[in-house]
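Asks: The structure is given below, and queries will be raised subsequently.
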């Protein structure tokens, strides 16, 4: 018999630990452990796999773990030239980006939420079958494994709400007549309402999970197919990929996964700069940035509405109705309809604002020289869309005017679902008020947290300290603006970087060699470790967005 057989005490102990770990631990710690584990595993596998050729020097361990963390947190901060990785390493980085993407991790959240509801439904069912043959009454207390903890996925942060449940009949329930007698004469608690509620939540959560999984799969398959067809049809774009020794299929799946996860890694050293004269490819890649991030709630609602119309399933309509009323199953990507409309409008306005400023300031710049007006317009739109939060670039950011760079910094700092809402929905107001009244202890800890701006200021100061010698010797490359861009880019999990150029050195160094890496790729060990902390902080920023409330500045 297996040591984990369902009838053994060891299985019960394992089940209890499983429930405590997944349903009792705070989501912050669960997600932090998840990203740390994936990053460490990715580093070990990157180190074990061979580089592209034997002529390519093996990177330092710190650069490999930096790359693994960057892929897992979908930050795309480059410390190793991408073309030095072998095909197997590129596929591994693709897997890391897939596992770290927001949509994929939300599917995992739905899976565990569904498991929680299923366990709750089983725990609240009458146990007639378990005691039917013995004539014995059900036990008066429940086992530790039946104590469930609700793992909610609601904004502004994931909160654990502890709701112990029991199937035992309390003395007060018997006194008030709330108990019932079954056919064997034993008194037990009426569980029909809670069981029905758990069953309904289980059904809708499972359905939503399958919808998001289908959305995830369809977008990736469609994007992969479109890029492969484009590379085959347009010889120039295919020649660029083939000339770099990259398989067209690897390039397609890598780019689609990276763009949809909003990571921003591209398997070429130059990124998308190599394809700025191919607007068709840019237009194929661009929608995946929106589908996987800022407009994901919009297209998710459209997908559910389309499926409801095609299938006629009432459960799909119930999902939309609940979210329209401010309720739902706690899946914070499924926003109410009014908020979704304002989100789409906000995204469009921000993109247009960036497009207008970029065209006004950079239309005749060296980075766009030699391109047609249409290619320039598509390139400007591509940069505007990628500033939130993918980070793929079609020109060197160090050559862009300071005004545009500052605007990009603001865009990188904004959370993906930043929305201008001139009229507050009454259901949202009611929910916020009730939440404030019911979670006083939680709000105290929230107020004690520092605001994101405070944390970023501390990180910038720390990096200025660790890189103080380079700031003094190489002030143009190591300007404070470049450091701010790198830190905010890591926090926003974007990947924009001004890079490093030997030509910008005040004191030319004959041993300096230009590499296709980000600016942080030239930092010291302490600076890289600090930036990795920023990447983790940015990936988990939803837990601290409302920090700093204890400060009163008047």
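Yeah, the Cβs are placed from backbone N, Cα and C, and that goes for glycine too.
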Asks: Tell me which range among 90-110, 111-131, 132-152 Swiss-Prot lists as transmembrane segment.
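Replies: The listed stretch tagged transmembrane segment in Swiss-Prot is 90-110.
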Asks: Swiss-Prot tags one of 237-257, 258-278, 321-341, 342-362 as transmembrane segment - which one?
Replies: 342-362
Asks: Given 26-46, 47-67, which one carries Swiss-Prot's transmembrane segment label?
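Replies: Comparing 26-46, 47-67 with Swiss-Prot, transmembrane segment matches 26-46.
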Asks: If you count every Cβ pair below 8 Å, which range out of 26-46, 90-110, 208-230, 403-423 shares the most with the transmembrane segment (518-538)?
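Replies: Comparing 26-46, 90-110, 208-230, 403-423: 26-46 has the most Cβ pairs near the transmembrane segment (518-538).
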Asks: Give the nonlocal contacts of the transmembrane segment (208-230) in its own chain as ranges (CB under 8 Å, at least six residues past its ends).
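Replies: Same-chain residues near the transmembrane segment (208-230) but 6 or more away: 103-104, 106-107, 110-111, 114, 237, 248-249, 251-253, 255-257, 259-260, 280-281, 284-285, 288, 291-292, 299-300, 303-304, 307, 316, 319, 329, 331, 333-334.
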